[in-house]
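According to TrEMBL, the record shows the following:
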- 1-12: compositional bias 'Low complexity' (COMPBIAS)
- 1-77: region 'Disordered' (REGION)
- 59-73: compositional bias 'Basic and acidic residues' (COMPBIAS)
- 102-129: coiled coil (COILED)
- 151-214: region 'Disordered' (REGION)
- 175-189: compositional bias 'Basic and acidic residues' (COMPBIAS)
- 217-279: domain 'T-SNARE coiled-coil homology' (DOMAIN)
- 248-275: coiled coil (COILED)
Amino acid sequence: MFGFRKAAPPAAEADKATTLTAEKRTVSEPVLPVQKSKGNPFDEDDDDDWVRKPSSTASKDKNRYKNDFRDSGGLDNQSVQELENYAVHKSEETTNSVNNCLRIAEDIKDEATRTLDMLNEQGEQITRTHNMVVDTEKDLSRGEKLLNNLGGIFSKPWKPKKTKSIDGPITTPDKPSKKDVTNKEDRQKLGLAPLPKGRSAPTTPPNESSTTYEKLDYEKAKQDDGLSDLSDILGDLKGMAINMGTELDRQNKALDNLGDDVDELNNRVKGANQRARKLLA
């Protein structure tokens, strides 16, 4: 009943409010989408200058091919063109499977090559260790002679007990060490260098106007090349596996020989220590 009416704002403030409202309305206006170029910006084709949604036709076709047309009446109810496309699709799938097998075989060969390198390095370490045992035996022999000479002055002569001679690592001529492998042929025998592979002449990829037979023939050529390469790699892996087994057998024999020499050296060191303690007693 006793209400108060708000006075009208001054003209300057009203204009300011109107201006702010216009500015806010201008800022809040939606921004127009910017054209997104898909390909060459200088292409005259207008269709390439706009982003298009991916069509689901290709995925539907793949699903139909995977189901062997079970959802559309089976193979007998398909047109000739559809069956030709199906044959090309299956041929491409086979090519991809062959390429995947080839990549796996190449990875296995790389791992086998690294394993062969490690085995050769391990064999060299065994040889170096055995040579150090031989050098130690030479120093021990000089010490034993000195102990024998000292024993001749104060007591009875002493001779060290030798059960076997320490001759060092046994060299196997049929299995050279890695450092002796200097030419390409020896590295190929060890599987450490790739063998040359014969490939068929490269064929031109078919275009859209190519017939189904040409497309199938192109896929078949790629499959033949992939299977040929796979056969070569499997042959290399077989040879590398044989070389690994031979190298492991050689190293096992070398370790047995090294162990026998180390035991002999240890017994002689114990005998020399006992002789020295008797002389000092």
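Any Cβ shown, glycine's included, is placed from N, Cα and C.
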Using a Cβ-Cβ cut-off of under 8 Å, list the residues of the same chain that are 6+ residues beyond the ends of the coiled coil (248-275) and lie near it.
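Distant Cβ neighbours of the coiled coil (248-275) are 119, 122-123, 126-127, 129-130, 133-134, 136-137, 140, 143-144, 147, 151, 158, 160-164, 166-170, 172, 175.
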Please average pLDDT over the coiled coil (102-129) for the predicted structure.
95
